[in-house]
Amino acid sequence: MAIQTSNLGYPRIGLQREWKKTLEAFWSNKINEEQFLTTMKEIRLQHVKVQQEKGIELIPIGDFTYYDHVLDTAYMLGFIPSRFSEFTSYLDVYFAMARGSKDHVASEMTKWFNTNYHYIVPEYEEGLQISLKDNRPLRLYEEAKQELGVDGKPVILGPYTFLKLAKGYTQEQFATILKQLVAPYVQLLSELHAAGAQIIQVDEPIFASLTKEEVQQAKEIYEAIRKEVPNATLLLQTYFDSVEENYEEIITFPVSSIGLDFVHGKEGNLNAISKYGFPADKTLAVGCIDGRNIWRADLDEVLTLFTTLQKQVQTKDLIVQPSCSLLHTPIDKTEETHLSTELFDALAFANQKLEELVLIHSALTQGTESISNELETYRNVHHTIRSSAARNREDVKAARTALKEEDFSRPLPFEKRYELQQVALKLPLLPTTTIGSFPQTTEVRQTRKEWRNGIISNEQYEQFIEKETEKWIRYQEEIGLDVLVHGEFERTDMVEYFGERLAGFSFTKNGWVQSYGSRCVKPPVIYGDVAFINGMTIKETVYAQSLTEKVVKGMLTGPVTILNWSFVRNDIPRKEVSYQIALALRHEIELLESSGIRVIQVDEPALREGMPLKEKDWDAYITWAVQSFLLATSSVANETQIHTHMCYSNFEDIVDAIRALDADVISIETSRSHGEFIDTLKHTTYEKGIGLGVYDIHSPRVPSKDEMYKIVEQSLQVCDPKYFWINPDCGLKTRRTEEVIPALEHMVQAAKDARSLLKTNA
């Protein structure tokens with residue numbers, strides 16, 4: 001039996017975020033197109049070289065992108081919205097789709113399955129001519145071959161997942177459009193095969209959650225493709241969960257290899273193999289290293305997995321690979337020497353995961369004695385971190401044990417609370433607010449850097465933060481907003497900020513991962529029991545409130561978002577970690593309330609993304625996610641108004657969960673998704689406070705008052721004006737001041753116009 005090492009995808013951003021810096025330099029006209037393309041090529045080839053040097057045999061080609069791999073596929077197949085027809089060059093069209101332009105909104109952006117990566121949603125329009133507009137995978141395959149002598153493994157997004165992720169068609173049209181994808185995929189695969197590609201990875205993560213009818217539909221497409229390209233070696237790759245429910249059918253697909261996730265879908269995939277076996281004429285690609293977390297693998301557990309598989313699988317070959325693309329992990333841990341030895345030793349970033357694949361390959365091909373020293377090291381590392389004091393706090397265990405049913409609910413129902421809050425807050429009809437953050441200018445970032453490097457004192461830094469806060473309180477007053485925010489100038493990241501102030505967290509220096517486009521985040525590491533230490537937001541919020549007679553919101557990140565946007569310890573259930581975070585935030589919320597803050601926002605933008613892919617698993621997740629939010633927020637007085645915020649998700653799946661959060665007001669992204677949530681509310685009622693975002697903050701364009709008014713008008717057709725709020729889609733941290741102020745002025749004017757109309761019609 002031949003055994004090969006493979007990788008599904010490599011982080012794009014570069015060890016020092018060179019990719020991000022190159023993108024942003026190009027967007028700001030600091031480099032020209034030729035310089036941009038040259039630098040991107042250097043980064044792309046460097047990533048291939050690293051994987052080659054680590055000993056990976058099947059190196060992914062085509063996983064590299066200038067923004068997003070789904071957008072790459074949309075452009076390649078001609079899914080280009082007509083509103084961008086004025087643009088002629090590839091990069092102009094491509095980035096207009098991703099970021100919008102002065103006159104046109106960007107394509108929608110949403111979460112990639114249940115990860116914190118965002119993809120650009122492909123748009124189908126009537127009359128669209130689907131064809132292979134650009135065989136980018138072929139160009140990159142030939143580039144790696146010519147420049148480095150690497151016969152790589154082209155990676156493409158499969159036709160079924162691609163179309164399922166797209167929008168703009170009716171369900172009745174789906175089958176017809178799917179058939180139209182056959183010809184361009186045939187051409188794509190034919191050209192790759194003709195160029196010498198030995199194996200082509202076709203990603204179909206959607207296969208983890210399809211109905212039996214959908215799987216049959218997908219199979220027919222693969223049969224049509226195989227008929228035209230009989231000799232191409234295709235690896236059908238699934239990930240993020242098992243394909244247990246449809247495994248029996250999937251293993252009959254006309255492909256040469258099938259990739260399964262034995263980390264996040266281990267139990268289901270093993271059950272399926274035990275029941276149905278695996279085709280002897282296909283290669284099994286075993287996703288055995290976690291591509292979504294940062295912990296060293298349990299090599300003993302992985303080798304036991306292969307022992308089990310080799311007893312049950314009579315395949316000719318095996319491939320050893322990560323569970324999914326390493327896009328979701330930082331690149332290399334070698335710079336993290338500031339961490340404690342027990343934590344550093346327990347980590348494995350992308351490059352270390354590649355090394356683990358090679359270790360496993362050695363054990364499988366040469367026997368476990370060939371890696372006996374490494375096995376002993378791994379066992380010691382796991383024992384040390386498991387038995388550490390940080391993971392065994394008695395106070396945290398006692399607080400969890402003491403929880404009672406009443407800790408998870410507010411004293412009064414929403415309607416009665418809201419009446420009391422209206423009396424206390426004295427807000428107008430259709431109150432206006434923002435989501436929390438204001439522009440993190442070059443000056444803000446530079447001053448923070450100087451403070452962290454010891455160039456300026458704590459006192460100087462605090463004075464600067466107070467100056468920025470006061471400036472933006474005055475801006476908000478002048479604009480005419482009703483509920484103000486302090487601006488979050490002291491925060492680099494909405495999760496990192498809280499993690500730095502809670503026990504149980506640690507932070508990397510260079511643990512960056514891509515969130516969307518050039519936006520990179522550095523997730524905290526939850527390695528121990530989480531506990532409250534001191535007040536985290538009191539000083540800045542109370543200072544902001546002292547500057548104005550208007551209401552200032554306290555701003556916190558919710559427990560489920562902190563959990564989902566962190567790298568989380570894997571020795572206890574995620575539910576338990578979430579409850580620990582919730583208890584710490586509960587303490588902070590009580591401190592804010594006792595300090596006179598009457599509106600407190602607890603953001604949960606990541607609640608939806610944490611949902612399992614399979615609908616049968618949703619209820620269990622939603623139950624503890626909602627309970628975590630309630631645990632954090634339920635100890636305040638009825639007069640204290642709890643807000644929450646969510647963005648970029650398929651909300652129709654979780655309307656009931658949103659309702660169960662029992663937040664007094666929820667703000668939700670609406671404009672970038674082109675009003676889809678408004679459509680959802682046409683079919684259900686939401687009887688609590690709600691603000692549907694009236695403009696997309698991820699685009700530099702300043703929307704007109706009329707655009708925003710139109711969204712307000714549409715929203716009021718499905719929302720009770722008594723409970724309706726007006727706000728942007730999301731925080732304004734990434735925007736420039738000269739974009740923010742006119743946009744908010746337009747928003748306030750739209751609110752005034754809507755109030756006038758409501759009074760006229762009353």
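Just so you know, glycine gets a Cβ as well, placed from its N, Cα and C.
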Matching residue for the Zn(2+) site, where Swiss-Prot names H645, C647, C730 - out of E669, E707, E713
E669
Please state which member of E488, E490, E496, E549 Swiss-Prot lists alongside I435, G436, S437, D603 for binding L-methionine.
E488
Same-site 5-methyltetrahydropteroyltri-L-glutamate binder from E470, E477, E609, given that Swiss-Prot records R17, E18, W19, K20, K111, R519, C520, W565:
E609
Pairwise C-alpha maximum, in angstrom, for the residues (R17, E18, W19, K20, K111, R519, C520, W565, E609) that bind 5-methyltetrahydropteroyltri-L-glutamate according to the record:
28
Taking the residues I435, G436, S437, E488, D603 listed for L-homocysteine, what is the greatest CA to CA distance in Å, to the nearest whole number?
13
Taking the Cβ of E609 (5-methyltetrahydropteroyltri-L-glutamate binding site) as centre, how many other Cβ atoms lie within 10 Å?
23
Within a 10 Å radius around the Cβ, which one of these recorded positions has the most neighbouring Cβ atoms: K111, H645, H698?
H645
Neighbour count, 10 Å Cβ-Cβ cut-off, for R17 (5-methyltetrahydropteroyltri-L-glutamate binding site): what number do you get?
17
Given the binding-site residues I435, C520, C647, C730, which one's Cβ is surrounded by the fewest other Cβ atoms within 10 Å?
C520
For H698 (active site, proton donor), which of the listed binding-site residues (R17, I435, C647, C730) have their CA atom within 10 A of its CA?
C730
